[in-house]
Amino acid sequence: MPAGRPGPVAQSARRPPRPLSSLWSPLLLCVLGVPRGGSGAHTAVISPQDPTLLIGSSLQATCSIHGDTPGATAEGLYWTLNGRRLPSELSRLLNTSTLALALANLNGSRQQSGDNLVCHARDGSILAGSCLYVGLPPEKPFNISCWSRNMKDLTCRWTPGAHGETFLHTNYSLKYKLRWYGQDNTCEEYHTVGPHSCHIPKDLALFTPYEIWVEATNRLGSARSDVLTLDVLDVVTTDPPPDVHVSRVGGLEDQLSVRWVSPPALKDFLFQAKYQIRYRVEDSVDWKVVDDVSNQTSCRLAGLKPGTVYFVQVRCNPFGIYGSKKAGIWSEWSHPTAASTPRSERPGPGGGVCEPRGGEPSSGPVRRELKQFLGWLKKHAYCSNLSFRLYDQWRAWMQKSHKTRNQDEGILPSGRRGAARGPAG
């Protein structure tokens, strides 16, 4: 027999399943009672009633008939589990009024409300039923993480125990209290950002740490997570930056300008902020992230492809609220904003060649260094002012160097070469 699979289920698979329509609909929720009318005039009782067992356990159950009708016997009775008739070799008559059942190596319940174990009369009518709960006790929840949106609330989520599935209805309660005083509180808004999460909407204190933990309970036991201690100011996140605008930078074919505003919900609070930008081309799903935006609210993306549509998003990390030393939590990304770079006016492969201007060398150390600098710049997107100041300084130095070379060669501003004068006389 395969490990972990119950004997009766494995054997009953050889028989065609009994239609669920033959059972009362309350059985689907494992709510059983005495049949009302029908051909089953006798009633019975199953013992034990509604047992709770660990996976791999065995069950010894009995169905005992009682009633006032003469001739009532256990002969012809049979069992079903979740609508499937169990093999007759799993049952035996104890006496004229009692049918016993032996199940071994039970698997986890197929529904958290319990499996349906039913005793039937010869004609198929229901005599008695029991809910069978088979599962595992909960394990200690872990990995609790919490965040506060704009310091107005607190949302937490966690991971259930190592195995996760207990096969039984398991209740998770998030508890919290002020660290040094106050009573335990229970979160009430569950499943807000997933199956294991809870939302505390209001009445939170600032500048005072909270203790937060999760308790898990089911029919087989309980478990409690480690305590998480946090200050709301240390876990603040905010809405994505609004009013993100992306535009061209004049006629520069490889650059786009991105501008946005600070989170309005935090405008009255003392905090720093850092931003991230990510962008992708229109026909790609791969994003490139720019990390060095610092606390600016504008950025120039460089090294882009000419004549290409780009989608851009921005997110914010409002760290350092009221002097908090924590790293902060990133917001969601803003809605994508699109813009295109200008088309290149330079000839492509096979086209004309751009000739150097008169007096400009077509090669040399300076031009090679500039080519290397621009090639490096095209591979990166920079948003810090320092990068563009360096680029502007590079251009100014190049212009000054070019002017110096022209003067050394005797080229006048008008482009005419000056005539060399000899000594007077």
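One is the number of the first residue shown, and numbering goes on along the chain from there.
Even glycines carry a Cβ here, placed using N, Cα and C.
Copied over from Swiss-Prot:
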- 35-134: domain 'Ig-like C2-type' (DOMAIN)
- 140-235: domain 'Fibronectin type-III 1' (DOMAIN)
- CYS146-CYS156: disulfide bond (DISULFID)
- CYS187-CYS198: disulfide bond (DISULFID)
- 330-334: motif 'WSXWS motif' (MOTIF)
- 335-366: region 'Disordered' (REGION)
- 402-425: region 'Disordered' (REGION)
- 415-425: compositional bias 'Low complexity' (COMPBIAS)
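On its own chain, CYS187 (disulfide bond) has CYS156, SER173, LEU174, LYS175, TYR176, CYS198, HIS199, ILE200 as residues at least 6 apart in sequence with a Cβ closer than 8 Å to its own Cβ. Distant neighbours of the motif 'WSXWS motif' (330-334): 237-242, 244, 260, 263, 276, 278, 313-318; these residues of the same chain sit at least 6 beyond its ends, with a Cβ under 8 Å from one of its Cβ atoms. Taken residue by residue with DSSP, CYS156 (disulfide bond) is part of a strand. Taking the Cβ of CYS198 (disulfide bond) as centre and 10 Å as the limit, one finds 25 other Cβ atoms among all the protein chains shown. Within the same chain, the residues at least 6 positions away from CYS146 (disulfide bond) whose Cβ sits under 8 Å from its Cβ are LEU154, THR155, CYS156, ARG157, ILE212, LEU228, LEU230, VAL235, listed in sequence order. Per-residue confidence over the domain 'Fibronectin type-III 1' (140-235) averages out at a pLDDT of 93. All protein chains shown were included, and the count of other CB atoms within 10 Å of the CB of CYS156 (disulfide bond) stands at 24.
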